[in-house]
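S.K.: Please read through the structure below; I'll follow up with questions.
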Amino acid sequence: MRRFVYCKVVLATSLMWVLVDVFLLLYFSECNKCDDKKERSLLPALRAVISRNQEGPGEMGKAVLIPKDDQEKMKELFKINQFNLMASDLIALNRSLPDVRLEGCKTKVYPDELPNTSVVIVFHNEAWSTLLRTVYSVINRSPHYLLSEVILVDDASERDFLKLTLENYVKNLEVPVKIIRMEERSGLIRARLRGAAASKGQVITFLDAHCECTLGWLEPLLARIKEDRKTVVCPIIDVISDDTFEYMAGSDMTYGGFNWKLNFRWYPVPQREMDRRKGDRTLPVRTPTMAGGLFSIDRNYFEEIGTYDAGMDIWGGENLEMSFRIWQCGGSLEIVTCSHVGHVFRKATPYTFPGGTGHVINKNNRRLAEVWMDEFKDFFYIISPGVVKVDYGDVSVRKTLRENLKCKPFSWYLENIYPDSQIPRRYYSLGEIRNVETNQCLDNMGRKENEKVGIFNCHGMGGNQVFSYTADKEIRTDDLCLDVSRLNGPVIMLKCHHMRGNQLWEYDAERLTLRHVNSNQCLDEPSEEDKMVPTMQDCSGSRSQQWLLRNMTLGT
C-alpha cells in the first residue's frame, strides 16, 4: 500500500512539472504578441533548459575525455581542425555552461533601450559542431530584441556540409541567419568587411567560428556602446580547451598589449588602471590593444573610423592596426569584464596562407607600421628586418584617413595609453651585442623568464639577437632584462623592474666592457662547461670581456 501511495506521489509530481514546462513554453510563446521585451527574451533560454540533457558530455563546460580505444582515431580527426573534433562532436550544440561572471556583474541592471546588433561570424572549413555551437550560443543567450541577425560569411569553404546542408539547417532557427559566400579565399579581414557591409544592426559584433557565448554576455557590451558610441568593447575571452573542450573562465585582471615583434600579448592590468576604477573589477578595463577575434563596435563608427585596412591579407596585425587607430583617432578600447565569451584556442592553425604565414604577417605589420607608428617604425624594423623586404602595397589612402581624422602621434599613444609598453622610449643602442673574442652574439634563444641568456653565432636577422641598452642602463630583450643576483652569475632574464639593482649595467664605450654594477663583475665569454651561455668574471679588460653594441649612436 505504501509503495502504491509513493508511486502516485512520484507520478503526480512528474506530471505537475511537465504541465508547468508546457505552460511556461506556451506562455512565453504568446509573449511574442506582448510588449515586454525582457519576457520575450527569456524564451530561447527556457527552451534550451527544457530540452537539454544536463548529464551529457561537456555539460556545464566539463571536459570530455576520449577512451583509450579511440585515441588513435581522435588524433587523426584532430588534424582536420587542430582541435579535438571527436570531443566536440560528442557535445550538444546547445550545451550548458557555468556562470563565470563576477558576483557584482550578476546583479547589474542595464537600460531597456539598448542598440541592437548584427553578429558577424566568418568561417573557412569550420567543423559543423563548433560552428553551430557558436550560433546556438548566440541565439540562446541573447535577448532576441537585441539580436538583429546572425551573418555567417563563408570564406570559400570546400566541405559539402557547409553548403546546402548548412543553408537548410539555419532556415529553421529562431533568429534570422544569413549566409554570405565569398567567391574565392579572401581571408578574415575582407570576409568581415563583406559581412559588415551586409549588416543591418546598429552595432556590429564580430565573433570567431569556434566560440560559446555565456549568460548575460551581450547586454554589457551594448550598454557600454550606448554610453559612448566611440567605445569599442571586447568581452573577457574565456578558454575552451582544444583537447577536451573544457570551459575555463578567463581572467579579468589581464589586458592587451604587444611585444617588440608586434605580437599581441596578455599582460597584468596595471595598478594605475585599478586605481582609475577605484578597485571596482566590474567596471570596464581600458586596454591598449585587443585580441581582435571578438568585439562589438557601433556600425556607423566602424565606417567613420575606417573599418579594416582592406590592403591587409588573410589575418594578422589587423587587431593592432585597429587598436592603434581607435586610440590615436579619438576613440577608446575596453574589455567589459561583465561579458564572457569562450574561444577554442588552438596551438596551430589548420589553414595555409597564400605566400606563406610569414610573408602575410610581415606585409600586414609593415602597413600598420608605415601608417601609425611614426618614427617608432624604425625600432620595429631593427627587431624584424625581414619586414622591410616585403611589398606592402599602397598605403596612401590609409595615411589620408589618418590626416582627415586628425589622429594623434604614436608617441602620444605610448605615453598616455600604453606607458607600460615594452618599447623603450630612450636607449643608447638597439641591435646585436657581439663578443670581440668569439665573434658571437647574445641570444635570448626564445627562452622565457627566469632562464639563462644564451650566446650564439651572429645571424644578422634581428629577432632573438636584438637587445637594447636603455637610458636606464638596462640590457633588455623585449620585456625581459639581464639580471645577475650573485657573484659569478649566472646571467638570467627577468621581468624588467626599473629599480636598477641587479639589472643595472655600465657600458664603457672605450674599453667596450659591460660591467654589472652590483657585483662589480664584467660580462664574459662562455666557459668550457657550457659554451652556450655567457659568464660573469672579475673585470680584466681582456678581449673576451669586450662587446660591440650595434647602433650605438641610435636614440642617444
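Cβ atoms here come from the backbone N, Cα and C positions, even for glycine.
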S.K.: In Swiss-Prot, C329 is paired in a disulfide bond with which of C234, C407?
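M.R.: Here Swiss-Prot pairs C329 in a disulfide with C407.
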S.K.: Looking at N116, N140, which is the one Swiss-Prot tags with N-linked glycosylation site?
M.R.: N116
S.K.: Taking Swiss-Prot at its word that D208, H210 bind Mn(2+), choose the one of H124, H340, H343 listed for that site.
M.R.: H343
S.K.: Since Swiss-Prot lists D155, W315, R346, Y351 for substrate, which candidate among R185, R192, R281, R286 does it give for that site as well?
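M.R.: So the substrate site in Swiss-Prot includes D155, W315, R346, Y351 plus, from the candidates R185, R192, R281, R286, R185.
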S.K.: Do you know which of C481, C522 Swiss-Prot records in a disulfide with C496?
M.R.: C481
S.K.: Consult Swiss-Prot and report which candidate among C234, C338, C441 shares a disulfide bond with C105.
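M.R.: That record, Swiss-Prot, gives the partner as C338.
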S.K.: If I take the alpha carbons of C441 (disulfide bond) and W315 (substrate binding site), what is the distance between them in whole Å?
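M.R.: C441 (disulfide bond) to W315 (substrate binding site), Cα-Cα distance: 33 Å.
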S.K.: Measuring Cα to Cα, how many angstrom lie between D208 (Mn(2+) binding site) and C105 (disulfide bond)?
M.R.: 24
S.K.: To which of the binding-site residues R185, H210, R346 does the lowest count of other Cβ atoms within 10 Å belong?
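M.R.: Ranked by other Cβ atoms within 10 Å, the binding-site residues R185, H210, R346 bottom out at R346.
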S.K.: Count up the helix, strand and coil residues in the domain 'Ricin B-type lectin' (428-550) according to DSSP, in that order.
M.R.: 9 helix, 51 strand, 63 coil
S.K.: Any idea what the Cα distance is from D155 (substrate binding site) over to C496 (disulfide bond), rounded to a whole Å?
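M.R.: Their Cα atoms are separated by 43 Å.
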S.K.: Neighbourhood of the Mn(2+) site (D208, H210, H343): other residues with Cβ within 8 Å of the Cβ centroid, in order?
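M.R.: Going along the sequence, the neighbours come out as T130, T134, L207, A209, C211, I240, G293, L294, G342, V344, F345.
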S.K.: Have a look around C105 (disulfide bond) and count the other CB atoms within 10 A of its CB, chains all included.
M.R.: 19
